[in-house]
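Working notes, structure below.
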Amino acid sequence: MKFLDLAKVYVRSGGGGAGCVSFRREKFIEYGGPDGGDGGRGGDVWAEAAPGLNTLIDFRFQQHFFAKSGGHGMGAQRTGASGDDIVLRVPVGTEILEEDQETVIADLTEPGQRVLLAKGGNGGFGNLHFKSSTNRAPRHANPGQPGVERTLWLRLKLIADAGLVGLPNAGKSTFLAAVSNARPKIADYPFTTLHPNLGVVGVDGHEFVMADIPGLIEGASEGRGLGDQFLGHVERSRVLLHLVDGTAEDVALDARTILTELEAYSPALAEKPRVTALNKIDALDPETLAERRAALEAEIGGPVLLMSGVSREGVTEVLRALWSRIAPSRKPAEDREDKPWQP
């Protein structure tokens with residue numbers, strides 16, 4: 001399935017049905033009086049977060065969503081039928097924005113969460129409502145209220161506990177494939193990963209979700225490479241895993257490039273808890289490894305873990321470091337496991 005994280009939709013709620021002008025016509029009743037019914041209410045347009053979805057690709061093929069209008073009122077005080085609602089099923093983590101793409105209407109972060117996008121119009125009153133002591137036979141009724149029309153944007157930000165960041169070919173996809181059942185495309189050329197990938201990772205009996213996004217390069221915030229459009233998918237992460245290619249000539253420069261791009265995208269993202277790991281250590285001799293680790297620690301001002309996604313050396317230590325930062329922010333129910341009953 002193709003990945004799409006931004007879609008434009010046009011929604012319109014149903015208009016209310018018109019009220020009816022009608023009079024009671026019955027044998028032996030000379031002045032039956034008004035009996036026109038009210039119009040039915042128009043249908044609403046809703047958005048609902050649905051589990052199991054992870055792309056907005058469905059909205060590439062259908063952009064227009066119109067709810068049904070209410071039925072018109074009828075004689076004998078019969079109210080028109082209400083119009084059917086229409087529901088847009090979107091992935092969990094979808095933001096709904098106004099046409100300007102800046103004003104956030106809603107952020108659907110929980111399965112089953114719903115938000116009203118366009119309210120249906122009320123039905124018009126039939127002539128029965130206008131009967132009074134001075135007007136015993138009103139000959140007018142209200143039209144129904146028109147529906148609401150809106151142009152909206154849907155923007156998906158995947159929800160993951162940990163987000164992978166790094167330059168192209170830093171080994172992010174290899175790492176994700178090594179620790180989860182995710183099978184991202186892996187090759188020895190830049191930008192092999194063209195869209196985010198999710199994987200469920202387990203360590204010491206705990207599980208969490210990890211997101212791998214396309215690599216960043218210098219100037220990504222200005223549109224170079226694939227730009228920084230995918231950073232939104234790690235914006236919700238509780239911790240970032242910054243992978244640095246140990247075979248690079250200047251690991252400190254590589255780390256600085258990523259930190260600069262994170263800061264340019266969002267200062268809040270740059271301040272997130274972060275684990276830094278020097279990858280591909282299986283390709284380095286001990287002396288070079290020690291030099292590059294020291295240079296990287298001096299650049300970031302903190303400890304650097306060593307690992308190899310290919311040989312899996314040091315992978316467990318990295319996962320434990322991630323979990324130690326994820327666990328405090330987890331709700332107790334999120335990590336509760338079913339245990340056998342004990343008397």
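Note: Cβ is positioned from N, Cα and C throughout, glycine not excepted.
For the domain 'Obg' (1-159), the model's pLDDT averages out at 91. Feature annotation from Swiss-Prot assigns domain 'Obg' to 1-159; the stated evidence is sequence analysis.
Feature annotation from Swiss-Prot assigns domain 'OBG-type G' to 160-327.
When secondary structure is read from DSSP and collapsed to three states, K172 (GTP binding site) falls in the helix class. Per Swiss-Prot, GTP binding site is recorded for 166-173, 191-195, 212-215, 279-282, 308-310, and the stated evidence type is sequence analysis.
Within 10 Å of the C-beta of S173 (Mg(2+) binding site) there are 24 other C-beta atoms, taking all protein chains into account. According to Swiss-Prot, the Mg(2+) binding site annotation covers S173, T193.
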Worksheet item: Are there residues of the same chain, six or more positions away from S308 (GTP binding site), whose CB falls under 8 angstroms from its CB, and which are they?
Response: N279, K280, I281, D282, G314, V315
Discussion item. Can you check which residue among the binding-site residues K172, H195 has the largest number of Cβ atoms within 10 Å of its own?
Written reply: K172
Discussion item. Cα-Cα, whole number of Å: P214 (GTP binding site) versus S173 (Mg(2+) binding site)?
Written reply: 9
Fill in: Where H195 (GTP binding site) falls in three-state DSSP terms
coil
Worksheet entry | DSSP state at S308 (GTP binding site), helix/strand/coil | coil
